[in-house]
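Q: My structure is below; once you've seen it, I'll send some questions.
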Amino acid sequence: MDFGSNPMLALALTLPRIAGAFLMLPLLTTETVPAMVRNSFMVSLAIVAIPIALAGAPPIEAAGTAHWSAIVIKETFIGISIGFCYGIVFWAISSAGVIIDTQVGMSMAQIFDPIQGHQTSLHGEFLSQFSTWLFMASGAFLVFLELLMTSYTVWPVMSFFPDLRMSGMALFVGQFGYLMTAMLLIAAPAMVILLVIDLSFGLVNRYAPQLNVFALTMPIKAWLATAILLLMIGVFVEIVMTRLVDNSGLIEALKHAFNAA
């Protein structure tokens, strides 16, 4: 029996990788896209990917539940790895906004981020929405889909678990390193200026203690933080585009991590 005579099995084996990738990508969340629309979109992608995913696959042999479960787990793992590598830039930019708001003193003004599905600060929400808009408007989403489809030719569905080498774990460690580095570099200009403002008003409070320095610093720091973020829009565009559009390095890194031929 081949996959052509069992399309539901072909769909069930192709869908987990796509679902795992979108699970990690903070884009199609239940707060922004209805579950019916999101699930229909992923199923449609899986149907399109079936000819690529199962090209050259051997005929289906009699196998137990454990065999099919292992393949589904493997597919989900590969999808999560791809989605994680793409979603890391969204978390870095959003976290930078949270750090800036903490320095300003606006961390108590928490709002719900529908993109990532959790509470965040005002500037964190602004940067999250901006990076998501840029991801969709720039064509990076199409590049993500291309990478997802290409992964089926690198790691076929019917192959078993990728040979994950310990040296390949450096890829995932490097992703966390990128998260911390990008987060601090994005927030650094605003943090330095806000620190100078704090030191300046500290001197003012030292020589004029009758002034309510806290009431003065809050609006000034809030306006300055917003102005700095607006001035750095070009930097955000470069960071997002460099990270999301250039997928050649990512596919090679994943091939090395999974020891693919």
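Going from the start of the chain as shown, residues are counted 1 onward.
Placed from the backbone N, Cα and C atoms, the Cβ positions cover glycine too.
Curation does not apply to TrEMBL; its annotations are automatic.
TrEMBL lists these features:
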| type | residues | note |
| --- | --- | --- |
| TRANSMEM | 6-28 | transmembrane segment |
| TRANSMEM | 40-57 | transmembrane segment |
| TRANSMEM | 77-100 | transmembrane segment |
| TRANSMEM | 133-155 | transmembrane segment |
| TRANSMEM | 175-201 | transmembrane segment |
| TRANSMEM | 222-241 | transmembrane segment |
Q: Where else in the chain does the transmembrane segment (222-241) make close Cβ contacts, counting only residues six or more beyond its ends and a cut-off under 8 Å?
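A: Same-chain residues near the transmembrane segment (222-241) but 6 or more away: 89, 93, 97, 100-101, 103-104, 106, 123, 126-127, 130-131, 134-135, 138, 140, 182, 186, 189-190, 193-194, 197.
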Q: Can you work out which residues elsewhere in the same chain, 6+ from the ends of the transmembrane segment (175-201), have a Cβ less than 8 Å from its Cβ atoms?
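A: Distant Cβ neighbours of the transmembrane segment (175-201) are 84-85, 88-89, 91-93, 95-97, 99-100, 103-104, 213, 216-217, 220-221, 224-225, 228-229, 232, 235-236, 239.
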